[in-house]
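Participant: Here it is: the structure, laid out below.
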């Protein structure tokens, strides 16, 4: 390089470029600014840097031009606001209603989907009857983001129906809990619902003491706050045929809606309505394109790595420990299971419930495949819309599960062992090639066949597979089978039998095996209890069993003050939450807390067969986490003894503890034990407290209302 050549700074080069200097030494008479030979030489010497700078200038000029163009082209438009934050719940947005159109809203509170199905069925028939009406079906939890919005929106409602299930011992369903708390416990609003006409249908089970409590309370509260009831409250009983109860209530609805919604020129209300059979659109894709979906897919997804776990987003959890709790002398079985939640972010509280999704037994799945007459490797996907993306007719289809084989679908997603609903019988009838079988199915689903359906199917606990075997010509397509015949397999709930103070990375479950002969003669094997009994724990194999699980919070909690005395009553697997309670008390004691008296009434058949967790209970007793343990053995000695008998023997002690502020907890069977314990508690209050029957009843009810008498029953 010539020693006389100079290096230009970027600034000097840029100045030269902007003045129009040419690098090829062309005649200065061309458009441009003349530059001296020295400058030209310097530019040529720094040619690479010049190219970088010229490119940068071109890009800069281009950006400026685009900005000017966009600003000028948008000058006459409204400024776009930044998007709002995403709200976890999809709150229903208000929609504009054409003037002159009448509207009503159907709210549902559901745990297993039945109430939602009823709400959508009511809406579909109403749309067919009243073409000019605007009808909305709303998950009551999605109606509003907060209490203030609930009140604001309800004030605008003029016609509404509430289809509400009661869950457990008089509790609202998960999706109705927030609404129920606001509506029942809120401030006195006077007759703020005076413009609302309404009706309520409840879903419950008469075997529970607080039968249909949620529907009763909502119906009463709406009336108290000015609402006008246009149809009587009907309490559906799932212990019988709740479809018949809903059908009867629905028939009361139509005359009232005719008066409110029918126009003089509206003739649609007089036409006979026939409900369409729900059906998914089915696609049979190339399985090789979806192997990942088949391996990892689940109807509800998995939420590992996220912060929110619920029934729709469960947490995949390995089985860490499994052990049998009964002795070899027992002819029954009870399984203890540890779910490993370390590193998942899933947490729980003492007294909470765990929901577990389990697979159907292979023998059950194989029978279903045989009845459907389809190969198990059939790979398909379900869709609730048409190919062009528009929704299929009707709106009662539940969200479809991911693409999978028929075997996977029947294993994970189909409830095959419960008694089929009448709507399922009608769907089977529509695809029965034998006219006699079709007629028989239609009869069982009809009002005329009500008694025979109740006796032949419900009372005998006939399963869906048994019914399909009885009517072999019924071969529904997959879209109908999964939409209208086989309900979605539901999670099983268990009282958690551990405390996070003692087992922060494990959820313990105590599960009795369900293995019994039905009245119809079939051997019924519980889906989840059988799976748990056969689960392979991590301590035995790295290829261990796992299940999608989630935690459901409960109000079944120890008093905030550990010095408050507690009375616990729970025979059999009713011991589960109390094992967690005692672990909690032990941890508190080890931390130096002062504990109040704790008495536990436990019951089992025989000390040598089914006295579960005996060593642990004795340890809690010895170390002081438990003050007194009273065990009733129903199969030892000449007479059967149950927990209520032990309670009667300790009546004076129980009354003294209650008088000192004790909390009373009951866990176990709702149909027998819980009722007997409740009656015994009533008797103790009456006799020990010198009360008459009415006073004793009021006393026990007050214990419940103040949260000192809590039940976890099933």
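Each residue, glycine too, has its Cβ placed from N, Cα and C.
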Participant: Given that Swiss-Prot annotates 492, 493, 494, 495, 510, 511, 512, 526, 527, 528, 529 as FAD-binding, name the residue from 254, 655, 714 that shares the site.
Facilitator: 714
Participant: What range among 49-69, 70-90, 91-111 does Swiss-Prot record as transmembrane segment?
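Facilitator: Checking Swiss-Prot against the ranges 49-69, 70-90, 91-111, the transmembrane segment one is 49-69.
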Participant: By a simple count of other Cβ atoms within 10 Å, which of 512, 527, the binding-site residues in the record, is least packed?
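Facilitator: It is 512 that, of the binding-site residues 512, 527, has the fewest other Cβ atoms within 10 Å.
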Participant: Considering Cα atoms only, can you say which of 332, 640, 644 is the nearest neighbour of residue 510 (FAD binding site) among these binding-site residues?
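Facilitator: Nearest listed residue in space: 332.
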Participant: Could you tell me which of these binding-site residues, 510, 529, 634, 644, has the greatest number of Cβ atoms within 10 Å of its own Cβ?
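Facilitator: Answer by Cβ density within 10 Å: 510.
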Participant: If you measure C-alpha to C-alpha, which of 492, 494, 512, 527 (binding-site residues) come within 10 angstroms of residue 332 (NADP(+) binding site)?
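Facilitator: So far as Cα distances go, the binding-site residues lying within 10 Å of residue 332 (NADP(+) binding site) are 512.
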Participant: Could you check which of the binding-site residues 492, 512, 529 is the closest Cα neighbour of residue 642 (NADP(+) binding site)?
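Facilitator: Closest by Cα distance to residue 642 (NADP(+) binding site) among the binding-site residues 492, 512, 529: 512.
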Participant: What is the separation, in Å, between the Cα atoms of residue 527 (FAD binding site) and residue 634 (NADP(+) binding site)?
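Facilitator: About 28 Å separate the Cα atoms of these two residues.
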Participant: Within its own chain, what residues at least 6 apart in sequence put their Cβ under 8 Å from the Cβ of residue 494 (FAD binding site), listed in sequence order?
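Facilitator: Residues satisfying the criterion: 353, 354, 356, 509, 510, 511, 576.
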Participant: Using a 10 Å radius around its CB, how many other CB atoms surround residue 492 (FAD binding site)?
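Facilitator: Other Cβ atoms found within 10 Å: 20.
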Participant: Just the number: how many Å between the Cα atoms of residue 529 (FAD binding site) and residue 634 (NADP(+) binding site)?
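Facilitator: Just about 23 Å between their Cα atoms.
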